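Summarising the annotation, TrEMBL assigns region 'Disordered' to 1-89. Per TrEMBL, the feature compositional bias 'Basic and acidic residues' maps to 79-89. Marked as transmembrane segment by TrEMBL: 97-121, 133-152, 198-219, 231-248, 255-273, 303-319, 340-361, 381-400, 407-427, 439-458.
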Amino acid sequence: PVPPPYMPESIPLRSKQPPKQNLRPDKASLDFDDWDEHDASMPSDLRPELGGHRAPLLGAHAKDEDDGLDDGISRSTHHFHERDPQTQAKFETRRKYTYAAITLALSLVSFTVQTETAVYIQHQLKWEKPYCMLYMTHGSWIVLYPVCLLFLRLQSWSQPFPVFWRRHTQLLRQIALTVEHQTLHPTPRQQQNSPVRYMLKMTAFITCALTLAGGSWYVAVNLTTASDLTAIYNCSAFFAYAFSIPILHEKVQTSKVVAVAIAIAGVFIVAYGDTSPAKHGSKSGGGAGGDKAPPSHEAENRASGNLVIGVGSVLYGFYEVLYKRLACPPEGASPNKGVIFANMFGSLIGAFTLSVLWIPLPVLHYMGWEEFALPRGQQASMMAISVLANATFSGSFLVLISLTSPVLSSVAALLTIFIVAIVDQLLPPPLNSPLTPAAIVGGMLIIGAFLLLSWATYKEMDEERRHKLEESPSEMED
């Protein structure tokens, strides 16, 4: 027989290797206490984990900077699969309504202050510069985002400012993309485009609609009676609901229709139930009504004034729905994102007003329609309070629309009519006025309508979130 070829002993034949041992024996045959953690043969999955054994060698601090990028922008949402969809939907809806309740309280207080000071400025101090007041009021919205940014910075004071600012700008960019494309998860192609152009166009469009709506109130205030102004202007809640159906695809619900009708009926009772018209404020800074309001027979052209404020009421309802459709994060976004972006968009409206809408001021002055003059002395101090109060209300109102709906926000604003009547009762003479039965009855109707609408909206939001969680849990944010 032919002898096998010579093979050095240092190179073992593959066929002569002993069979491999089972590196992962059954748990029953493995005694964990016998393993020595320093033994090289110990399986890696049984070794105790060290704090940073998986950290990158270079840039180890990068993870610390990127963790928690944006209050929920990149958090894992795996727990949605572990929770019952109905329970999770109730939790998310309750959290959003908690934010909305805080915002509502702030908006009611600030709007009441704005109404009282605006009426005092126009009727007692005799400073009546409609467009100048509108310009200063809307221009004051520019402070909303800096104040919001200050609160966010105080909450993250321990972070280095460059890290905080980088995260915040990334957050704003992602929210703007979700607003532009109305989806919580923009595609990679959509994320490549900057949302700045879209935001600038929407700011100009929505600000023009807001300015026309606010300007109509100032035009009508000297043409019609305060009662007509109050009643017609606050019908914007109805038009907000009417526009929500085709634009926001909101369902027609009997409970909502009844609630809006009851609220408007309450406004009419307050407006026409007393000999002196009730005070009410414009969302653009003005105020009308009260004991010092001009008598009804002094209205120069009541029919024209009612027509103008009727158009303004329609425009206000349209503006609120337009803002919800074009400048709010889509349904399912976390409430903190809605709060941050609403304040930023409010500041964009203020910046557009200050930089562009000053142009009518010299035109009105030259034409002799409104002589330009800044408030002085007590007028200036009261105007500063009124403007800051309106900025606070406007920021809260934008947040409220973003978190709930334009219809609920409009009806909520009607509550200030009753609150102002109560405040007038508590003011010292000669500013006080008694609380009348018409104000009480109308106020109770408005409160009842608001509670009914709140319950219907809450149930609708809860149901929508539950359906979305059942269909696609990944579509909901943490």
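The backbone N, Cα and C atoms fix where each Cβ goes, and this holds for glycine too.
Under the criterion of 3 or more C-beta pairs below 8 Å, with sequence separation of 6 or more, the transmembrane segment (340-361) and the transmembrane segment (198-219) qualify as touching. Remote same-chain residues near the transmembrane segment (439-458) are listed as 93, 97, 253, 255-256, 258-263, 265-271, 273-274, 278, 404-405, 407-408, 411-412, 414-415, 417-418, 421-422 (criterion: CB distance under 8 Å, separation of at least six residues from the stretch ends). A contact between the transmembrane segment (231-248) and the transmembrane segment (133-152) is absent, since fewer than 3 of their C-beta pairs, 6 or more residues apart, lie under 8 Å.
A contact links the transmembrane segment (303-319) to the transmembrane segment (198-219), because at least 3 Cβ pairs that are 6 or more residues apart lie under 8 A.
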